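Feature annotations, courtesy of Swiss-Prot:
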- 3-23: transmembrane segment (TRANSMEM)
- 54-74: transmembrane segment (TRANSMEM)
- 93-113: transmembrane segment (TRANSMEM)
- 139-159: transmembrane segment (TRANSMEM)
- 170-190: transmembrane segment (TRANSMEM)
- 209-229: transmembrane segment (TRANSMEM)
- 235-255: transmembrane segment (TRANSMEM)
- 277-297: transmembrane segment (TRANSMEM)
- 314-334: transmembrane segment (TRANSMEM)
- 355-375: transmembrane segment (TRANSMEM)
- 399-419: transmembrane segment (TRANSMEM)
Amino acid sequence: MAVLIFLGCLLGGIAIGLPIAWALLLCGAALMFWLDMFDVQIMAQTLVNGADSFSLLAIPFFVLAGEIMNAGGLSKRIVDLPMKLVGHKPGGLGYVGVLAAMIMASLSGSAVADTAAVAALLVPMMRSANYPVNRAAGLIASGGIIAPIIPPSIPFIIFGVSSGLSISKLFMAGIAPGMMMGATLMLTWWWQASRLNLPRQQKATMQEIWHSFVSGIWALFLPVIIIGGFRSGLFTPTEAGAVAAFYALFVATVIYREMTFATLWHVLIGAAKTTSVVMFLVASAQVSAWLITIAELPMMVSDLLQPLVDSPRLLFIVIMVAILIVGMVMDLTPTVLILTPVLMPLVKEAGIDPIYFGVMFIINCSIGLITPPIGNVLNVISGVAKLKFDDAVRGVFPYVLVLYSLLVVFVFIPDLIILPLKWIN
């Protein structure tokens, strides 16, 4: 009955146009009535406690760092260096898009922000160069979803808080699969570019490459600081977020001198709006997660899947399919917040490496961001590239196919994720 109440309120709320956060609060209130324990004060306190976490403080810092990068000239310099290096290759702008997305991923941690920033810079150039815009936009959208995988990752922070796992370990575990996703996309683009006979950009001189490198090195140094700090134990994810925001602000104002006080004010407003949306969603989900636990929903799921516990691989496949289905119709953050407390006890009972599970969870949900019928990143790329949603779906289809194929490879060869983490540590 608890499952029906929760799903009914969630789907009903979404159907009438409620934001996900309010739909989750509705679910929480309905479960409290059903459990005969409704109390506004308890709900309010749980809501506050849901966002009262030092680890979650990393989110506004990384959001702010991403906003400063876009407004302060860091993003365009990050795109310019790959442009000078590989832009002259056949279909070179596609490689630039993936490389820029991977570098941006190591700075922003948000798929939507990453996709919007890279697409705004590259899609007009691709259109002018007579690239098939839907295919090019699909590639950039697919590159954008690497942002939740390569550290610093906002979804990893949320997953770590929800599951009690080390956020630093999750960050380190995301490096190798994120790079593999990027390599897979570039290989797919190489195959397509060879068939489409795409034009080349003018080859940059060594002087132009050097100038681009010198100009962009301040921006490129940021992921070195973040990952180096994690690796050395110099700072926590929250402290890393503060360092990233301060460093980005320093570079934008002192080095590049493209950040005015008026621009900074708009950046702070934008970061505050984004942070408020994410944190309210986290807090609302915490209310539902707490009541789901009281209603013993995790135990029900555990009992349902108990016969598969002795076969961890089969159990893991079933869980991945379930996450895939949910991720296709729901955004990444609420999927993580709702399913993590339900699935994590079962994962631990089956002896599945929880860090590996966390990485696979986020990869699966990230691909869902470019998978119809919802596809939030697809909506972003459609708007930026001025494409119909159907055209964006056709453009992204081959990349979705290869990314899900890579996900299957990760399922059957977990060492591709686990071993690089051991090497890094």
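Cβ atoms here come from the backbone N, Cα and C positions, even for glycine.
Not measured: the values here are computed from a predicted model.
Between the transmembrane segment (235-255) and the transmembrane segment (399-419), fewer than three CB pairs separated by 6 or more residues in sequence fall under 8 Å, so the two stretches do not touch. Cβ atoms under 8 Å from those of the transmembrane segment (93-113) belong to residues 62-63, 65-67, 69-70, 74-75, 78-79, 82-83, 86-87, 121-122, 125-126, 129, 131, 136, 139-140, 143-157, 178-179, 182, 185-186, 189, 192-193, 198, 201, 219-220, 222-223, 226-227, 244, 248, 332, 366, 369, 376-377, 380 of the same chain, restricted to positions at least 6 beyond its ends.
Residues 30-31, 34, 277, 280-281, 283-285, 288, 292, 297, 300, 330-331, 334 of the same chain, all 6+ positions outside the transmembrane segment (3-23), place their C-beta atoms under 8 angstroms from a C-beta of that stretch.
When Cβ-Cβ distances below 8 Å are used as the criterion, the transmembrane segment (170-190) is approached by residues 91, 94-95, 98-99, 101-102, 105, 139, 142-143, 146, 149-153, 156, 159-160, 227, 230-231, 237, 355-356, 358-359, 362-363, 398-399, 402-403, 406, 410, 416-418, 420-421, 424-425 of the same chain, each at least six residues removed from its ends.
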